[in-house]
């Protein structure tokens, strides 16, 4: 683990106190600049200083600050599909096709578990394959990354591990170090580049990974469980294709736009209707400098739901994980890191299935995906065995012994 | 010359008080005598004596103390003083006989621990005499059974099953199902079972375990009898009470019934508690018995069923796959928990699973994407020790797991046996849909065992795998064998596309997991390790899982438990490692796999 190299010149300069203070206030209010300044002059409190410094969030893009608390709509793509029947919601649609099982899994594998069956499982693989093909064309390199990573890396990536609310699943303390389940491949990818110096001609470095993601959030209170019982967007485990880019600081804005274009191209080619939102400072994680969400139209539930997001983290992560590049004149400087979701399976499935449902409650396979589904064009009822809950209490056969 | 230290009697008031006999209380051995039923009854039903507190009506036998009223007595039962005393009474007191034995008459007998329960007057009421006697006999019997069964099996004392939750633990953990216990059949052929255990190299005394199980069923039979009795009496009572007017005779009858009911219910309560204790000792142990053995499973040495291709020539230079992989920039290995695949290796991982998926779906197997988490009871049912963090990864902070519950949450991975079992747990399957054939490609997580030798990609904790799962109706049918052979063939077809040389080996009984009846593994040659490495396996499990997890199907006469075939047919990191070691200069993606590269 490297020692984090915070931007001390900027943060510990009392002249910047007001800027940083208002930035913290406009975001989630985590971090205390006054404490940083208090400790900064005091060499004895070095440890406390580092602790406080780690909590200070990234700066915010100047354009975003003006938005206030509301996201700004940047663009609408595609059109809302029209139906001459009442479109069904994903859960109903897929359950009737026997393509998903959620019923009575709770006590066995945890609340909001789901099992994709048959063609829906094939569709997942097709989507991953399709996304990867497009990404490779854009010069991304595929990596295979671990799903269980050190808790420290998650902290360094800007996810504050808070004791009161579990956002991350931790493993039992029996294993040598403190391990947690990664919430996104971004963290594993960043940890791969930890302590490296990249040569300047290798930038921008574009990496992609397919991984399982585990999120503990969103199930704290009981009423939430009630509302979202059927909600597959708020699942705890899913497959995701993630994009991760390291760039020179002056290129990061441009790369950010590139990532957005890639996402836009991907969703448009699948015929989805979606809108691109620039998120306000309140919704930014502590690592993000700017974040854009793509919200897909889900005809069944008649609302826009988040399909993917894309953030520019500038040097927040690279300072904490010691990722540098060698400039032309031979100096080492921190890179800027960016990340974006290329395809988060459950959300994508919901948007696709609801958009492509037919009158007879089946699902047409989008043209682009047909070759990857072995030529299948329509998802019908799946040949899954009928099952029902088996209530049985054994009465031991003891008669002959009695 | 030394002087005696002065002031030797400072601060010894507490000792003096202990020594003085002015208000001497009873010693433990005296109290032990008091606990005998006839003495206890006398003590609990003393004559009114106004010189004693509470007129000698509220006496605690264990602490030899009088209390002023019932509340005081019952509050006392909850105090530490009382509980400490109960604990102290557990051990048999030292007796004259003991001292004689110590002096050389006879040989030493370890003092026994007994279970002591708080005694009240109500307990010893004339009506309840029977109950008390019953309780004592069961207690002693349980002691007996515990002592004898715990020795041979040698399980940890605080082990608690998540699969079978006994009644007194139900407040801690929600019992989603209780497994089907077929141990009458298992114990019917003790010799067979003994042979099975010997072949597997497990040291369990079957005879003692059978005795324990028989005793358990006997107690359960008693319980059923009592339940019947209770029902009969209640019915009688109901019919009698229907009439509002009673003759003197009928009233007598009602009174009699009431007394009887009271006794029966007391007994029922006692017996239930006794069963709870037995549950922990007997059921948890019998549930650890291994599956039966398939007659095809070899006894001593593994049997090679098939060997495809020839062993590649022995290379002069031997390099480990870590070395090769790193130099070709395909692999970055840090430790068993953390490794990255780069470039072609990452593409290979993805493509090989896609290829496996294609082969399975061509053979009418249905793809699923399973859940990565699994509760302890499924893990336990799948034959693993759910309390061992080295058997599966345990999640520490899952918000659905109640505190101290034995039923925790584990990370197993979507392409694992537990994940398939979860899909079917407590389900009644439509018999028309058999056989069920599924597969999954995805992640599998297994901690690396504590003292095992770490060797690169062969022992990583996170792996991409292909897993198959087949459910067949009947274990005795031809279909079961045919489907197993079919699956082997399908997997062979997959390996044909992957490598030139592999072999199919049937593992001997001593290498099987306790849930397996038979295991066939697919092995590839690792030049560096100079031996064959298991890349995948297919096993038969019989109805072991379906009985434990209540997976059944309906028949014309009732319900039957189906039988299962399953296995991780391919583990990508191991495959990759073997391929890397076999060709040191460059990594060639097999032709058939290259099609699937994105």
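From the backbone N, Cα and C atoms, a Cβ is placed for every residue, glycine too.
What TrEMBL says about this protein:
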{"type": "BINDING", "residues": "A:184, A:215, A:242, A:339", "note": "L-serine binding site"}
{"type": "BINDING", "residues": "A:215, A:216, A:217, A:235, A:236, A:237, A:238, A:306, A:307, A:308, A:309", "note": "ATP binding site"}
{"type": "DOMAIN", "residues": "A:123-366", "note": "domain 'Aminoacyl-transfer RNA synthetases class-II family profile'"}
{"type": "SITE", "residues": "A:341", "note": "site 'Important for serine binding'"}
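Positions of the features from TrEMBL, shown on the structure.
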{"residue": "A:184", "record": "L-serine binding site", "Cβ contacts under 8 Å, 6 or more apart": "A:211, A:213, A:240, A:242, A:339, A:341"}
{"residue": "A:215", "record": "L-serine binding site", "Cβ contacts under 8 Å, 6 or more apart": "A:167, A:168, A:183, A:235, A:236, A:237"}
{"residue": "A:238", "record": "ATP binding site", "Cβ contacts under 8 Å, 6 or more apart": "A:212, A:213, A:344, A:345, A:346"}
{"residue": "A:307", "record": "ATP binding site", "Cβ contacts under 8 Å, 6 or more apart": "A:267, A:272, A:274, A:293, A:294, A:295, A:296, A:341, A:344, A:347, A:348, A:351"}
{"residue": "A:309", "record": "ATP binding site", "Cβ contacts under 8 Å, 6 or more apart": "A:279, A:291, A:292, A:293, A:294, A:340, A:341"}
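Residue A:307 (ATP binding site) carries a strand DSSP state (E or B). Around the Cβ of residue A:242 (L-serine binding site), 26 further Cβ atoms fall within 10 Å across all displayed protein chains. Each residue in A:182, A:183, A:185, A:186, A:187, A:213, A:240, A:341 lies on the same chain as A:184, A:215, A:242, A:339 and has a C-beta within 8 Å of the C-beta centroid of that L-serine site, without being one of the site residues.
Pairwise Cα distances among A:184, A:215, A:242, A:339, which the record gives as the binders of L-serine, peak at 18 Å. In the three-state DSSP scheme, residue A:215 (L-serine binding site) falls into the coil class. In the three-state DSSP scheme, residue A:236 (ATP binding site) falls into the coil class. Packing around residue A:339 (L-serine binding site) is summarised by its Cβ count: 26 other Cβ atoms lie within 10 angstroms of its Cβ, all protein chains included.
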